[in-house]
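As given in Swiss-Prot:
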type	residues	note
DISULFID	Cys29-Cys68	disulfide bond
DISULFID	Cys46-Cys65	disulfide bond
DISULFID	Cys54-Cys86	disulfide bond
DISULFID	Cys94-Cys133	disulfide bond
DISULFID	Cys111-Cys130	disulfide bond
DISULFID	Cys119-Cys151	disulfide bond
DISULFID	Cys162-Cys192	disulfide bond
DISULFID	Cys170-Cys189	disulfide bond
DISULFID	Cys178-Cys210	disulfide bond
DOMAIN	25-88	domain 'Kazal-like 1'
DOMAIN	89-153	domain 'Kazal-like 2'
DOMAIN	156-210	domain 'Kazal-like 3'
CARBOHYD	Asn34	N-linked glycosylation site
CARBOHYD	Asn77	N-linked glycosylation site
CARBOHYD	Asn93	N-linked glycosylation site
CARBOHYD	Asn99	N-linked glycosylation site
CARBOHYD	Asn199	N-linked glycosylation site
SIGNAL	1-24	signal peptide
Amino acid sequence: MAMAGVFVLFSFVLCGFLPDAAFGAEVDCSRFPNATDKEGKDVLVCNKDLRPICGTDGVTYTNDCLLCAYSIEFGTNISKEHDGECKETVPMNCSSYANTTSEDGKVMVLCNRAFNPVCGTDGVTYDNECLLCAHKVEQGASVDKRHDGGCRKELAAVSVDCSEYPKPDCTAEDRPLCGSDNKTYGNKCNFCNAVVESNGTLTLSHFGKC
């Protein structure tokens, strides 16, 4: 289960309540302290208080402040689904689907085109469970089924602005991001440097560790 939570300073571009997303609850982001960073930008200051909440993106955040910080930093409309950690994923048995082995030794899952959408923990809607299994097996992705039916829009992968990168040196700030390559990047700087190296093929899967 993805979890985002550390002591961080995030770019603070707005105050007040986060938008009330589907099934979500408003979080008053204006109650959290802010400061000014070296670049003169207002930043939101969060601590490590362990009061986990589940965001509408399916990620468990350490506390309300961290949810606000990620949402504001990346311009999302993620709000609070409920207090406590996000619920466990729905079990699925990928071994029940037929498969074959390619000439180069890779296992390929054989799927039909039946349309029975499921939502993956990566925020992607798959046409059916078999196709989710195919992605998991063939790409080695750490993705599971969150629920039957398509993902809500809050779960869609967030576009990260990497226009100011690459940068030769990144800070040690620990605000993890999970990339579409199933690798965890320590912060936005590390992630964006990797995006540049990939010629833009790398995207954000979700906040927190993979």
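Positions of Cβ are set from backbone N, Cα and C atoms, glycine also.
All features noted in Swiss-Prot, drawn onto the structure.
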residue : record                      : Cβ contacts under 8 Å, 6 or more apart
Cys54   : disulfide bond              : Thr60, Tyr61, Lys80, Glu81, His82, Asp83, Gly84, Glu85, Cys86, Lys87
Asn93   : N-linked glycosylation site : none
Cys94   : disulfide bond              : Val109, Cys133, Lys136, Val137
Cys130  : disulfide bond              : Tyr97, Val109, Leu110, Cys111, Asn112
Cys170  : disulfide bond              : Gly186, Asn187, Cys189, Asn190, Asn193
Asn199  : N-linked glycosylation site : none
Exercise. Given the disulfide-bonded residues Cys189, Cys192, which one is most crowded in terms of C-beta atoms within 10 angstroms?
Worked result: Cys192
For this session: Please spell out the DSSP helix, strand and coil residue counts for the domain 'Kazal-like 2' (89-153).
Result: 15 helix, 16 strand, 34 coil
Exercise. In whole Å, how far is Cys192 (disulfide bond) from Cys210 (disulfide bond) when you measure between their Cα atoms?
Worked result: 16
Exercise. For the disulfide-bonded residues listed here, Cys65, Cys68, which shows the highest count of neighbouring CB atoms within 10 A?
Worked result: Cys68
For this session: Mind looking up the mean pLDDT for the domain 'Kazal-like 3' (156-210) in the predicted model?
Result: 85
Exercise. Three states by DSSP: which one describes Asn34 (N-linked glycosylation site)?
Worked result: strand
Seminar exercise, completed: The correct three-state DSSP answer for Cys54 (disulfide bond) is strand
Exercise. Which one of these disulfide-bonded residues, Cys29, Cys178, has the sparsest Cβ neighbourhood, judged by other Cβ atoms within 10 angstroms?
Worked result: Cys29
Problem set entry | Rounded inter-Cα distance in Å - Cys192 (disulfide bond), Cys178 (disulfide bond) | 12
